[in-house]
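Visitor: So TrEMBL has the following annotated:
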BINDING   ASP37, ASP39, ASP234  Mg(2+) binding site
ACT_SITE  ASP37  active site, nucleophile
ACT_SITE  ASP39  active site, proton donor
BINDING   LYS209  substrate binding site
Amino acid sequence: MKGENPNPSPRSGAAAELLCGVNAKALLDSVDAFLFDCDGVIWKGDKLIDGVSQTLDLLRSKGKKLVFVTNNSTKSRAQYANKFRSLGLSVTQDEIFSSSFAAAMYLKVNHFPPNKKEDGEKRVQLKSSCFFEHDKNVGAVVVGLDPDINYYKLQYGTLCIRENPGCLFIATNCDSVGHMTDLQEWPGAGCMVGAICGSTGREPIVVGKPSTFMMEFLLQKFHMSPSRMCMVGDRLDTDILFGQNAGCKTLLVLSGVTTESILGDSSNSIQPDYYTSKVSDILKLLGE
């Protein structure tokens, strides 16, 4: 499996269909698995979006496989399982795939030793005679969402990528913003990735959505056909493109980053198969 830079291949043809009773039933009958983004789809910050729990229960009762695929790299799969549990959702660790997990898997399949992490609490003190030392044996720098980003981390990553022969520059994702809290959007991992791009002149290997790396892993693990899967997300350039790149059906929800005006804007070339206001519309439209 190989990570890759996103290479948009927008859906051509008709504009997205508004989800309704008829096409919601057709969608349900045509897929065996639903892949859900989390931020802006299942929750916002630490607040569960209304109706999500009942909708997931319905889909499970219909025999559908549920998988949760998030670009947010701030938690491990075990930590995400705990978050689901704290919100009253029964989701196992094996059903959760984050971009941090994808980065770890990328390093594993490329035969890297267990992660060696630099102390993120360190700070740099700029003085006239300051010379910054770094580990010349570092073979990969992974950049993801980091609320504690600082100049020390930026310099350390920059030197490893620029000076260590063959050092890989890996991005968990390039999301510009995300719902870190339920009230507003905050800068996403793309801000941190962009800083390292600027200081190194290098483009990263992206392992999160919309890269196909995580999808290839999912297909190998669950032995499912992409044509029998539906990707549900709130972002056109990550979630929907991720599903389209793999050949999945796609459903955009307007409960997160993307608004209906963005979807319908003439400059937008990424059209999902369907769109609706929130996940629980599935429950309502099926009359359950």
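Numbering starts at 1 and runs along the chain as it is shown here.
A Cβ is built for glycine as well, from the same backbone N, Cα and C atoms used for every other residue.
TrEMBL annotations: computationally assigned, not manually curated.
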Visitor: Closest of the binding-site residues to LYS209 (substrate binding site), Cα to Cα, picking from ASP37, ASP39, ASP234?
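Guide: Nearest candidate: ASP37.
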Visitor: Run through the Cβ atoms and count how many others sit within 10 Å of the one on ASP39 (Mg(2+) binding site).
Guide: 22
Visitor: If you draw a 10 Å sphere around the Cβ of ASP37 (Mg(2+) binding site), how many other Cβ atoms fall inside it, taking every protein chain shown into account?
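Guide: ASP37 (Mg(2+) binding site) is surrounded by 25 other Cβ atoms within 10 Å.
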Visitor: Applying the rule Cβ within 8 Å of the centroid of the Cβ atoms of ASP37, ASP39, ASP234, what extra residues of the same chain belong around the Mg(2+) site?
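Guide: Neighbours found: CYS38, GLY40, VAL41, ILE42, THR70, GLY178, HIS179, GLY233, ARG235, ASP239, VAL253, GLY256, VAL257.
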Visitor: Going along the chain, which residues six or more apart from ASP234 (Mg(2+) binding site) have their CB under 8 A from its CB?
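Guide: Non-local contacts for ASP234 (Mg(2+) binding site): ASP37, ASP39, GLY40, VAL41, LEU252, VAL253, LEU254, SER255, GLY256, VAL257, THR258.
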